[in-house]
């Protein structure tokens, strides 16, 4: 009879030991894990289990079922000699199925026990935390009461001491005033007398000093004049009267002069026939006095001109850049001469290379020409500088732009302000003709810009026209922060304009202004009551609630900014919008920023110009003049200017036309230059010397969590040399607003699990922006990190590749000292730089002139071989020296 222990039986049937012991106890048998179990006890346990599960049939059902399967197949395998053989393959599979009812019951019971324990522990923790909170609140209240009592007592003591001290000081002051007045009068009289004596003494000393200096100057001038006269006479005596610069011609001239001095003076004879005009042989047959057949020696080798020719010096006008060939043409010399001079000065250039103004100036002055420096925009600067500058700046009205999400009450706010504050008397109400208007309040005037969306605001900022002083952000109290609200915040921060938040619709059910504050705080818009810098005003545009408070907040912010402008003189401003009217031609809305714009003035607007033929205000009325912060509509320009262009009044219409034509010609160059911006591949070229490189990024993702994670990771990549600047971020697809913001900020666009719409793609293509899509955050971080690494300056490192020991020194007639060496480490290469070491001290650094092995020139010699080494421009090589060969390796820098 086979007997098993309880533990062995549990392992055989796949049931935990504790569970099996409980089942045996339920069947009436108390057993431990090491007790024996007989066959009869097994049968008793089986019968009990069947009754417990409702099975009284007595038949044994298996709890485990094992299936075995065999599969045979034939595999053809290549053998040697191009033949193949068949291999029998047998696959055996075995699978066991177990009944899970017992295990599931056990797991269910254990889960219930765990849940009960967790509930008890949670209740206990909650009770402990509540007790701690009650104790902390009680202690805090007691501490606050104690601090309040101490502060009151201290304040009362200080007030009492101050009153006593003030009474004492008043008594002392009354007694000292009389003595102080008499003493002060006496000291003033003494000081006045001393000052008069000191002034007299200084005047006498100054006069004596001037007389002495005049005497010394006269003596010095007399000595200098006598010395200059003496030097002049000596130079005339020793002057060299050669008429040529050639060495041989000078020697011949000196010999002829000596011969003429030795010859006796004779009567001048008739000139020889050879000098007559008809004799072309010029004295070839002229016989000398010495005898027949001898030619007469020439009296001198003097050339046929009396003085040397000099290059004509001229004035050379040089712009900001100039081509080498053009510079040579202006100096009337060959381009090769200019290149030679530049090579002597240490600058290599080609005939078609463009050089800067400073280099061209040095070259021209080196060649003896006078340089006139010119600027390309010299005419433009001269025209804009010819203005009235004597006027004094005065305070001006603020220019306000109202922005916000759609249906948040921006239009209603504007309408209510117009109805309440624009001067009455207009028949049929007020009609807005242009996109800007101004209102008069009790505390001052305010100018509003009605910009459709954020595109116009971004375009004006991209052209550098900061026309807006304050941005009012309208947020609905029931909707909260929306996508266009976030975009408005980003634009205001990028422009550096203060932000005033107008919380609208506070009279509506469900309005929650505190929720708006909490949402805006996530975008660094903090209310003043929370310690921030932004003013929050609760309004209702429909009921007109607190509109006056909004206007007062705007005027208060303008007083803090201290906005000033020149009211008199020639006007300047910015183009808010422009259009082409069918009956009136080009029409431009101009916001005057300084000066006074008059009807008939000549205006220069970007690439357009013209005389102001008519001016209208926002109500459509004709006006004659407009001061600062006043929007007007002008007619008479040559074309339609772009929004954001600067409008300036000039004196001369002809010069205005020239400047406009120059700007039109330069527009193409500017457009081509803009195509190279915001490229990850060209970021290193956009760096300027001595500045920190910035990588501007516009980030869009599918969820807010991804935006925060990616933005935090990108900002952590910033270093001292390269900085990541996130100019815009948000949730959702890439829109046209994002593309316009990237174009204005020179940024790249990164999309994480989002795509750009059709209008955004057109803007990206037209502006030639860099748009990239990602679905894995690590790929995005790695590519940005690689781009930032490419913006880092490279590092160079020296690596020693070989070392040779000098065994002997030989002399060569061509190369000088030749060192017989043996290579002890690495490899000696001919083209690499070397150092000569003596007792491990560097005594020379240069390059190899010769490397030979057995009289053959070689390129390299490896370790253990002998060779002959000739060091260029160095002959002091001694036995025992070491020749170290190294190479300069460029190390690519990374952000790691």
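Just so you know, glycine gets a Cβ as well, placed from its N, Cα and C.
Note that the coordinates shown come from a computational prediction; the quantities given were computed from them, not determined experimentally.
Annotated by Swiss-Prot as region 'G4', the relevant range among 500-503, 504-507, 508-511 is 504-507. Region 'G3' is the annotation Swiss-Prot gives to one range among 442-445, 446-449, 450-453, 454-457, and that range is 450-453.
Matching 388-395, 396-403, 404-411 against Swiss-Prot, the residues noted as region 'G1' span 404-411. Swiss-Prot lists region 'G2' at one of the ranges 414-418, 419-423, 424-428, 429-433, namely 429-433. Long-range contacts of the region 'G4' (504-507) within its own chain (CB-CB distance under 8 A, at least 6 residues past either end) are made by residues 408-409, 412-413, 474-478, 513, 538-543, 545. Per-class residue totals from DSSP over the compositional bias 'Basic and acidic residues' (101-174), listed helix then strand then coil: 74 helix, 0 strand, 0 coil.
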